[in-house]
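Heads up: the structure comes next, in structure tokens.
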Amino acid sequence: MANDENKQKALAAALGQIEKQFGKGSIMRLGENRSMDVETISTGSLSLDIALGAGGLPMGRIVEIYGPESSGKTTLTLQVIAAAQREGRTCAFIDAEHALDPVYAKKLGVDIDNLLCSQPDTGEQALEICDALSRSGAVDVIIVDSVAALTPKAEIEGEIGDSHMGLAARMMSQAMRKLAGNLKNSNTLLIFINQIRMKIGVMFGNPETTTGGNALKFYASVRLDIRRTGSVKNGDEVVGSETRVKVVKNKVAAPFKQAEFQILYGEGINTLGELIDLGVKHKMVEKAGAWYSYNGDKIGQGKANATIYLKEHPETAAELNKKLRDLLLHNTGDFSSAASDYVTDYEDNTEEVNNEEF
């Protein structure tokens with residue numbers, strides 16, 4: 001017993017010395033004076049928010065979104081920005097690819113007049129800008145598009161064809177060590193968009209890998225794999241893409257959930273269509289034949305007309321969205337069953353979906 005008391009006194013003295021040297025709060029007991037809830041920002045997709053478990057992307061963390069070309073990576077991040085701006089948050093877009101279309105961003109609901117944008121010349125410059133913005137404590141969301149376009153200064157100044165083995169990986173590794181702590185302190189969400197490459201000589205297993213080395217994989221709290229799985233058609237006209245997102249890593253909730261939704265060209269994620277589907281699944285929206293009803297009132301014949309009704313009555317859509325979020329994100333026990341509404345196994349083939357009721 002005396003030995004235990006001596007240990008407690010020694011521990012208290014050590015904690016006091018640490019706080020005196022490094023400041024109050026530099027060390028604490030995990031359950032003491034802090035919220036265990038993770039603050040999140042919506043992705044713009046209800047089904048993806050459910051699949052993520054915490055209700056969105058976690059603040060103060062690093063997130064990686066990767067996938068093939070034209071799979072919806074930039075669209076998803078622009079939807080995150082739009083959702084954050086609706087909450088009054090400040091966002092920044094680091095356009096390393098020099099390909100951001102402000103007209104398209106505006107169509108997705110982004111307030112381009114209040115969106116900070118940078119088109120850096122080198123990878124080091126892009127990452128220094130990220131660090132400066134996060135240390136300011138005034139920016140809530142930072143998007144980097146993309147890791148593959150973060151070209152080291154030495155490579156830009158060199159000749160085409162010169163070998164620069166491992167330069168990008170070393171640059172990213174150093175940046176991750178520096179950024180991780182600053183992001184946590186400022187509660188800033190940093191999202192990296194990444195591209196896919198093929199590993200040469202892989203006979204077994206997945207030959208796909210992402211650019212920028214392994215540091216980002218380790219430091220990311222959430223990694224999302226986004227794929228286009230088919231086309232959304234209105235008659236013979238292709239009006240969008242069927243999209244599947246898999247949560248391949250998740251440090252704030254259970255990983256390996258999947259979400260499926262539609263991305264409509266010029267409009268973004270079909271959020272109202274998601275509300276209809278989830279509402280029917282959880283018996284908040286009644287479906288009798290082709291007719292959809294909500295609170296006893298018919299809202300449309302066919303999914304397309306029901307979606308139009310919600311678009312014309314935003315207060316009804318907001319009410320249904322709140323009910324679904326309260327039900328499906330009430331506790332962690334609901335995450336698995338809720339995400340399963342949109343869970344399917346990955347398929348290598350890409351289908352065309354003739355969906356006239358988009």
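Glycine too: its Cβ is placed from the backbone N, Cα and C atoms.
Per Swiss-Prot, the feature ATP binding site maps to G67, P68, E69, S70, S71, G72, K73, T74.
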Around the Cβ of S71 (ATP binding site), other Cβ atoms within 10 Å, all chains included, total 22
Simplified to three states, DSSP reports K73 (ATP binding site) as helix
According to DSSP, G67 (ATP binding site) sits in coil
Counting Cβ atoms within 10 Å of each Cβ, the densest environment among the binding-site residues P68, G72 belongs to G72
Counting every protein chain shown, other Cβ atoms within 10 Å of the Cβ of T74 (ATP binding site) number 23
Excluding G67, P68, E69, S70, S71, G72, K73, T74 themselves, the ATP site's Cβ centre has within 8 Å the residues I226, R228
Neighbouring CB atoms within 10 angstroms of the CB of E69 (ATP binding site), all protein chains considered, total 8
Sequence-ordered list of residues in the chain of G67 (ATP binding site) that lie 6 or more positions away and have a Cβ within less than 8 Å of its Cβ, or none, is K73, I196, D225, I226, R227
Most Cβ neighbours within 10 Å, among the binding-site residues S70, K73, goes to K73
